[in-house]
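Swiss-Prot annotations:
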| type | residues | note |
| --- | --- | --- |
| BINDING | Cys65, Cys68, Cys94, Cys97 | Zn(2+) binding site |
Amino acid sequence: MKLKKKFLEKSKKIAEERIDVLMNLAEKESKDGKADRSKNYVLLGKKIAMRMRMPYPKEWKRRICKNCGSFLIYGKNARVRTKAKNYPHVVITCLECNSITRIPIKTEKK
(Lines of atoms letter the chains of each structure in order from A and count residues from 1; the text may use other names and numbers.)
(Lines give C-alpha, C1' and ligand atoms only; values in the text may rest on other atoms or scores of the structure.)
Protein backbone atom coordinates (compact mmCIF):
# COMPACT_ATOMS: atom_id res chain seq x y z
CA MET A 1 0.00 0.00 0.00
CA LYS A 2 2.85 2.37 0.80
CA LEU A 3 4.44 1.76 -2.58
CA LYS A 4 1.24 2.66 -4.39
CA LYS A 5 0.86 5.88 -2.40
CA LYS A 6 4.48 6.81 -3.03
CA PHE A 7 4.06 6.12 -6.74
CA LEU A 8 0.92 8.29 -6.90
CA GLU A 9 2.66 11.18 -5.12
CA LYS A 10 5.62 10.96 -7.48
CA SER A 11 3.44 10.78 -10.58
CA LYS A 12 1.35 13.78 -9.42
CA LYS A 13 4.53 15.78 -8.94
CA ILE A 14 5.65 14.89 -12.48
CA ALA A 15 2.20 15.84 -13.80
CA GLU A 16 2.40 19.26 -12.08
CA GLU A 17 5.79 19.89 -13.68
CA ARG A 18 4.52 18.90 -17.12
CA ILE A 19 1.45 21.13 -16.76
CA ASP A 20 3.71 24.02 -15.78
CA VAL A 21 5.94 23.45 -18.83
CA LEU A 22 2.93 23.20 -21.16
CA MET A 23 1.38 26.39 -19.79
CA ASN A 24 4.67 28.28 -20.19
CA LEU A 25 4.81 27.07 -23.80
CA ALA A 26 1.18 28.14 -24.31
CA GLU A 27 1.99 31.61 -22.98
CA LYS A 28 5.01 31.91 -25.28
CA GLU A 29 3.08 30.76 -28.36
CA SER A 30 0.15 33.01 -27.57
CA LYS A 31 2.47 36.03 -27.32
CA ASP A 32 3.97 35.08 -30.70
CA GLY A 33 0.49 35.05 -32.26
CA LYS A 34 0.06 31.29 -32.68
CA ALA A 35 -3.28 30.89 -30.91
CA ASP A 36 -4.07 27.43 -32.31
CA ARG A 37 -0.84 25.92 -30.98
CA SER A 38 -1.44 27.66 -27.66
CA LYS A 39 -4.92 26.07 -27.41
CA ASN A 40 -3.40 22.64 -28.05
CA TYR A 41 -0.94 23.10 -25.17
CA VAL A 42 -3.79 24.17 -22.89
CA LEU A 43 -5.85 21.10 -23.86
CA LEU A 44 -2.89 18.79 -23.21
CA GLY A 45 -2.41 20.32 -19.77
CA LYS A 46 -6.09 19.87 -18.94
CA LYS A 47 -6.01 16.24 -20.08
CA ILE A 48 -2.99 15.53 -17.87
CA ALA A 49 -4.73 17.08 -14.85
CA MET A 50 -7.93 15.11 -15.50
CA ARG A 51 -6.01 11.86 -15.99
CA MET A 52 -4.18 12.32 -12.69
CA ARG A 53 -7.40 13.45 -10.93
CA MET A 54 -5.79 16.58 -9.61
CA PRO A 55 -7.05 20.16 -9.60
CA TYR A 56 -5.68 22.53 -12.22
CA PRO A 57 -3.25 25.02 -10.65
CA LYS A 58 -5.07 28.24 -9.71
CA GLU A 59 -2.48 30.57 -11.24
CA TRP A 60 -3.03 28.92 -14.65
CA LYS A 61 -6.77 28.30 -14.33
CA ARG A 62 -7.55 32.01 -14.40
CA ARG A 63 -5.46 32.50 -17.55
CA ILE A 64 -7.62 30.13 -19.62
CA CYS A 65 -10.98 31.02 -21.15
CA LYS A 66 -13.62 28.55 -19.96
CA ASN A 67 -15.68 28.98 -23.11
CA CYS A 68 -13.20 28.75 -26.02
CA GLY A 69 -10.10 27.37 -24.24
CA SER A 70 -7.72 30.08 -25.42
CA PHE A 71 -4.81 31.26 -23.28
CA LEU A 72 -5.60 34.77 -22.05
CA ILE A 73 -2.96 37.48 -22.23
CA TYR A 74 -4.27 40.56 -20.50
CA GLY A 75 -4.29 43.51 -22.88
CA LYS A 76 -3.89 41.40 -26.01
CA ASN A 77 -6.82 39.00 -26.17
CA ALA A 78 -8.39 39.69 -22.77
CA ARG A 79 -9.72 42.78 -21.02
CA VAL A 80 -9.46 43.18 -17.25
CA ARG A 81 -11.65 45.60 -15.30
CA THR A 82 -12.41 46.13 -11.63
CA LYS A 83 -16.01 46.74 -10.59
CA ALA A 84 -17.56 47.52 -7.24
CA LYS A 85 -21.32 47.68 -7.93
CA ASN A 86 -22.96 44.98 -5.79
CA TYR A 87 -19.74 43.48 -4.54
CA PRO A 88 -16.11 44.26 -5.47
CA HIS A 89 -14.88 41.95 -8.22
CA VAL A 90 -12.53 41.70 -11.19
CA VAL A 91 -14.10 41.13 -14.60
CA ILE A 92 -12.00 39.32 -17.22
CA THR A 93 -13.46 39.39 -20.74
CA CYS A 94 -12.12 37.11 -23.48
CA LEU A 95 -11.94 39.17 -26.66
CA GLU A 96 -12.11 36.08 -28.90
CA CYS A 97 -15.47 34.71 -27.70
CA ASN A 98 -16.69 37.60 -25.46
CA SER A 99 -17.19 35.35 -22.43
CA ILE A 100 -16.97 36.98 -19.01
CA THR A 101 -15.31 35.65 -15.85
CA ARG A 102 -15.91 37.36 -12.52
CA ILE A 103 -13.47 36.90 -9.64
CA PRO A 104 -14.58 38.31 -6.26
CA ILE A 105 -12.20 40.48 -4.29
CA LYS A 106 -12.09 39.83 -0.56
CA THR A 107 -12.54 42.98 1.47
CA GLU A 108 -11.76 43.64 5.11
CA LYS A 109 -14.71 43.64 7.47
CA LYS A 110 -14.99 46.75 9.61
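Just so it is clear, glycine is given a Cβ too, placed from its N, Cα and C backbone atoms.
Each of the binding-site residues Cys94, Cys97 was ranked by the number of other C-beta atoms within 10 Å, and first place falls to Cys94. Same-chain residues that are not part of Cys65, Cys68, Cys94, Cys97 yet have a Cβ within 8 Å of the Cβ center of the Zn(2+) site turn out to be Lys66, Asn67, Gly69, Ser70, Leu72, Glu96, Asn98, Ser99.
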